[in-house]
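According to TrEMBL, the protein carries these features:
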- 69: active site, proton acceptor (ACT_SITE)
- 70, 73, 75, 77, 79, 91: Ca(2+) 1 binding site (BINDING)
- 166: substrate binding site (BINDING)
- 196: heme b binding site (BINDING)
- 197, 251, 256: Ca(2+) 2 binding site (BINDING)
- 38-118: disulfide bond (DISULFID)
- 71-76: disulfide bond (DISULFID)
- 124-324: disulfide bond (DISULFID)
- 203-235: disulfide bond (DISULFID)
- 28-328: domain 'Plant heme peroxidase family profile' (DOMAIN)
- 1-27: signal peptide (SIGNAL)
- 65: site 'Transition state stabilizer' (SITE)
């Protein structure tokens, strides 16, 4: 565990406060939004997150990823939580989220408790944002203040996944453009890609790199041979077992700079990970993040706050769902 001197902690706190303040000036979200209406909200959410991660450390990555997948499609409106209906397939049942995305029960448990003490007050979208922050902190990342006041959306469409969530096959130019469409710089894209330091992946997301890269019927030559051999053992050619998953990095339960270290060693799992070495600018950022893990943690916390404000519903927009899985009747 990295221990920081008090002076460094103070500097990190100041940097986070200044960046958080500057990003929230034009936003209707605010830190302490529930101070007068539901003071226990963050305590309850954190209790549920801690309980869940103690039982299953992999949920830290899942809840962080849930926030990302929610915000990049329709904004941070908890559309990721809505169930499909007979007439419409929801985001959670799209190829990008089913069966890989999980942690819904953590949000459900927090919401159920909040409805007892603060009925109709706390949005599901805010619960996701709080839970993602708590998960990152539980995994060893930096905690940060979460501006709140999001409202819940009433629409969730699996068809909107394409063009909004980056697939694991994207190259650096495609990643840069997709993140730019959401208001992020290329450096912020590299910073947020570091979220892959947590979690595991199904074989289908990268098996083409092992057996048929770019239609060549060969292995991706950029993969470290020893790493590729290990992946082939875990993911035999033609395997479709949905229960087989492999770690994203060498430290899949710790929010550290291991992701960038692995990329520099040609052990980035996805094409979209390794591609960060193909541009001089992004390659330099990868090297810098690998060398300065504390600096990356600060940048990551700041980028998460910014991401949490994507196209939010506020005021009288949307609703406060009573059940996070269905819209109010």
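Each residue, glycine too, has its Cβ placed from N, Cα and C.
Residue 166 (substrate binding site) counts 19 other C-beta atoms within 10 Å of its own C-beta, drawing on all protein chains shown.
If you take the CA of residue 65 (site 'Transition state stabilizer') and look 10 A around it, you hit none of the binding-site residues from 73, 75, 79, 197, 251, 256. Cβ environment of residue 75 (Ca(2+) 1 binding site): 153, 310, 311, 312, 313 lie under 8 Å away, each six or more residues apart in the same chain. If you take the CA of residue 124 (disulfide bond) and look 10 A around it, the recorded positions you hit from 73, 77, 79, 196, 203 are 77, 79. Residue 324 (disulfide bond) sits 32 Å from residue 251 (Ca(2+) 2 binding site), counting Cα to Cα. Within 10 Å of residue 76 (disulfide bond), as judged by C-alpha distances, the recorded positions found are 69, 70; the full candidate list was 69, 70, 91, 196. For the binding-site residues 79, 197, 251, the largest tally of other C-beta atoms within 10 A is found at 197. Checking the recorded positions (38, 118, 166, 196, 197, 235) against residue 79 (Ca(2+) 1 binding site) with a 10 Å Cα-Cα cut-off leaves nothing. Apart from the site residues 70, 73, 75, 77, 79, 91, the chain places the Cβ of 69, 71, 72, 74, 76, 78, 80, 153, 156 no farther than 8 Å from the centroid of the site's Cβ atoms, the recorded Ca(2+) 1 location.
In sequence order, 140, 198, 249, 250, 252, 254, 255, 257, 258, 259 are the same-chain residues whose CB sits within 8 A of the CB centroid of 197, 251, 256, the residues recorded for Ca(2+) 2 being left out.
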